[in-house]
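In TrEMBL this protein carries:
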- B:949-961: compositional bias 'Low complexity' (COMPBIAS)
- B:621-684: domain 'MrpA C-terminal/MbhD' (DOMAIN)
- B:698-795: domain 'MrpA C-terminal/MbhE' (DOMAIN)
- B:31-51: transmembrane segment (TRANSMEM)
- B:112-130: transmembrane segment (TRANSMEM)
- B:165-188: transmembrane segment (TRANSMEM)
- B:208-233: transmembrane segment (TRANSMEM)
- B:245-267: transmembrane segment (TRANSMEM)
- B:301-319: transmembrane segment (TRANSMEM)
- B:325-349: transmembrane segment (TRANSMEM)
- B:463-483: transmembrane segment (TRANSMEM)
- B:580-599: transmembrane segment (TRANSMEM)
- B:635-655: transmembrane segment (TRANSMEM)
- B:802-825: transmembrane segment (TRANSMEM)
- B:864-886: transmembrane segment (TRANSMEM)
Amino acid sequence: MELILALAIGILGGSGVWLLMRPRTFQLIIGLSLLSYAVNLFIFSMGRFPVGAAPILEAGGKGDPAHFADPLPQSLVLTAIVIGFATTALFLVVMLAARGLTGGDHVDGRPPR
Amino acid sequence: MQDAFHLLAAVLLPYAGALIACLLPARARTIAWLAGGTALLTLLMVLLGYADITAGQIPRVALPWAPELGLSFTLRMDGFAATFALMASGIGFLVVLYSRYYMSPDDPIPRFFAFLLAFMGSMMGLVLSANLIQLVFFWELTSLFSFLLIGYWQNLAAARDGARMALTVTAGGGLALFAGVLVLGHIVGSYELDDVLAAGHVIRAHPLYLPALILILLGALTKSAQFPFHFWLPHAMSAPTPVSAYLHSATLVKAGIFLMARLWPVLAGTDAWFWILCPAGLITLVVGAYVAIFQHDMKALLAYSTISHLGLITLLLSLNSDLAMVAAVFHTINHATFKASLFMAAGIIDHETSTRDIRRLSGLNQSMPFTARLALVAAAAMAGVPLLNGFISKEMFFTEALTAATTPTLLHSILPVAAALASILAVTYSLRFIHGAFFGPETDDLPKTPHEPPQFMRVPVEILVFACMVVGILPSATVGPVLDLAARSILGEATPDYSLAVWHGFNLPLVMSLIALAGGVVLYRLLYRHLNAGIDGTPLLERLDGRRAFDQVMVFISWRFARALERLVATDRLQMQLRLLVCIAFLAATLALLPHGLAPGGVELTRPDPVVALLWVVGGACAIAAAYQAKYHRLAALVMLGGAGLATCLTFVWFSAPDLALTQLLVEIVTTVLMLLGLRWMPKRMESASSGHILARLRRGRDLVIAAAAGLGLAAISYATMTRVSPDGISRQFLERAYTEGGGTNVVNVILVDFRGFDTMGEITVLGIVALTVYALLRRFRPAAESVGMPEQQQGEARDWLLVPAVTMRLLFPVIIAVSLYLLLRGHDQPGGGFVAGLMLAIGVLLQYMAGGTRWVEDRLRVLPLRWMGFGLLLAAGTGAAAVAFGKPFLTSYFAYADLGPLGRLPLASAVIFDLGVFALVFGATVLMLIALAHQSVRRPRPAPPPLVTARPEPAVAGEN
């Protein structure tokens, strides 16, 4: 399982990095999204891979860490997803504004030399 | 002993006066009174401190600043500091008095006095500092305020250039000084002046002595205008004359002298000290005096004379002799008095005749006899005529030069000759100053008819000239005690016996003085014709133009070198920058990992599940396909991105993270819709022949290698981390306390709204800011001209294709609202919560926009996203603040369960109210962004003006797809 997830992170991250180095703004936005998947999965994987152990307690008691998935990476990733959404939206609009103002969609705001 | 608060007052009073002067309405007279009063009070404070010193104390005051770093704001006044403080405040007061009459009412007077006072405060801080770093701080402040003063007449190009040059040279030297002081502090282990002064042997024996010495002397020599940094001083003469009188007699340029003398006990006494300072001082002394003769502007003549006298003092300091040290301090005082009065006299002449050109001036003795006599006495002091103060210190200089000549090096042995030569030149330029302006036939070829200045304008000059005479006639009775205290505070027990008498018998120094006087008169006679011919420039030294060299250096550093460096190492291409960023991150990770390797850890592996494997075969393929298609097939790439997102989402489900999965799914939907809305404005792009170009292929190949390396690295790091046992962190705490202390069974939600509520608070604020930014950006959105037309999908019958989905979406709206509320309410105990519920509701609205179109929805349903956002943020912050009202820290939560009988128990945690705020804000922000984007298609957009950059037609942009 570890290997599968590690490869998944690698593929997502590699594709993201590849797109990060492309010249068009839309490629960048896709690349950043892929990269954020990779990073989120990486943080998430710190909680290991418990199956059927969602951190939902029985009412009225203390939770035993042996029986539940680690809630900390989950809440961190949840925060990361929301912030990632915000930055993606912002980048999208900046991309549109740049497209309108420069006439093109090159990251430098002008066609390549 | 008690804290000497009058020292603090001596530094702070001028600043306070400066502040008030800026704030007062511009009434010249009031401001002058204020400035004069401030200067007088400052002088009084210094005198109080001086009284302490004569009583055998060293007054000091310390305010802790950053004690753990060894930094405190400490002021201390010994005899030497008192001498400089007396000069700075005393002459400062006279200058203020003089300026009151000199400055024209048309000038911005408040600014003038504010800068002057602030400069005075900086100078006081500099001389009274007991901490070296603090000293450097005030040092830079004097540079800064002298810059403002020199450039006071900011409409004059010469003033601006002169000010900039002065700042560049002196502040640059100040940086070197700072470095030097840091080295010195490193050697000693303390920046306190007392500690440093006690560590002379350690410093001189330390291997870092030479670097520290060079750096500190760089600061001192630039400030005191020593060769080869002398060139800024003549250009600083474009300042108002009172400023020149102040800066170039008692203060700014003397700061370098002050520093060298202050550190003399620890830095001097070595060959390095002599061999750096002596040539600099000697050249400055002789060349400055020589150049001064050929200046036609009275102030320029005085400027070069100042340079020359500073050279003399530097030379005395360089000799490593205690007696020379005393002579240096004495000459510093003398020079301050006669040079200030001469500048003021030149200013009076300028004020009354509107010219300072010695070639035009003549016979002023007739029209302003009193000023003429004052100037005559001051110039005689400058030339070293007996019975004036300049004579006595010059005699001491000759004595020291003769003593030094016994050391058998060439430089030592030429000192007496050079001293005599410089004195001859000094007599010549003093003669020129007096004879050129005041004697000769009276001329009527002047811009104004000259007459005596207002009485009080002359008073400062009278006081200073009087001082020159008294000191010259009765030295030991007047300046003796001050000089003695100053010398003792530097030399301590080693203070030599010296005689301040006027008459030492008929000896060699007296002969030298007489030779200088006679030689100066003869030289003036010889040069008289040449000088009156009005030729500009200095014979033999035409090529010596510090300004041109300075300009060339500046152009080189700030333009050519900077440009070359930029071409070499910088790029404005973002693609290249990102590539570098990725490569450097990769290298940094590699370097960090090199010593440890990336071997997998020893944890027992989880059994692989074929479903997850299959899921990630699809997910990985989607990611690669998205990367492959993002350039030419954006819609396909977007779909593939969604595929990868779904795989991530399913992974969350699989491994027990229902909250994450829910959020990921909904965010995925909203993001996709947002991007779909944005795609419409992007330029069409077709695959073209150029993408197959060999260079482009090479570039892509390189990027592919980088990306593959990054991906492999990520995978390796992930695998290595996952196969290691993570330390027992704080997760256990969260699990154990979620219910007992947070009142919720959904631990992730409790963490978000309770344990880490402050984090969430910040996060929703960010989300709100982003939404507002998006809204603001889109209000001014101007699409490119070719995207303005309606896309083909919206033309014709397209709308009817969505009839069935539209009805379904409309019917689902209430259901979605119900589900959203359900998710919100159960969030504390079951998967759900404010984020998810807000997104869900936003998607409900979004579906209506998609089904009915913007106009149709807004005719029936007005969502006011800004109010939702405001409400949400206020609610969340208010919940947190409510805890403060109960005396608990911000965002402390409270919970109870209300028993509703047959309906069950209702959780009533205050965190739920917080979550409601999160819900409202997330909903408002998301809808605001969606609506802002959706509205772009409704309004009739004006196309953007043609792009600012001249874009060549891009080969990749083609016609209709």
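Cβ atoms here come from the backbone N, Cα and C positions, even for glycine.
Spatially, the transmembrane segment (B:463-483) is adjacent to the transmembrane segment (B:325-349); three or more Cβ-Cβ distances between them are under 8 Å for residues at least 6 apart in sequence.
Sorting each residue of the domain 'MrpA C-terminal/MbhE' (B:698-795) by its DSSP state yields 75 helix, 1 strand, 22 coil. Using a Cβ-Cβ cut-off under 8 Å and counting only residues 6 or more beyond its ends in the same chain, the transmembrane segment (B:112-130) has close neighbours at 7, 10-15, 17-19, 21-22, 31-32, 34-35, 38-39, 42, 46, 60, 62, 74-77, 81, 84-85, 88-89, 92, 95-96, 99, 103, 137-139, 141-142, 144-146, 148-149, 152, 192-194, 240, 242-243, 246-247, 251-252, 255, 258. Taking residue pairs at least 6 apart in sequence, the transmembrane segment (B:580-599) and the transmembrane segment (B:325-349) share fewer than three C-beta contacts under 8 angstroms. Non-local neighbours of the transmembrane segment (B:301-319) in the same chain are 221, 224-227, 230, 233-234, 236-237, 244, 248-249, 253, 256-257, 260-261, 264, 268, 273-274, 276-278, 280-289, 291-293, 295, 325, 327-328, 331-332, 335, 339, 342-343, 346, 358, 382, 397, 400, 404, 415, 422, 425-426, 429-430, 432-433; each lies 6+ residues outside the stretch with a CB under 8 Å from one of its CB atoms. If you average pLDDT over the domain 'MrpA C-terminal/MbhE' (B:698-795) in this model, you get 85.
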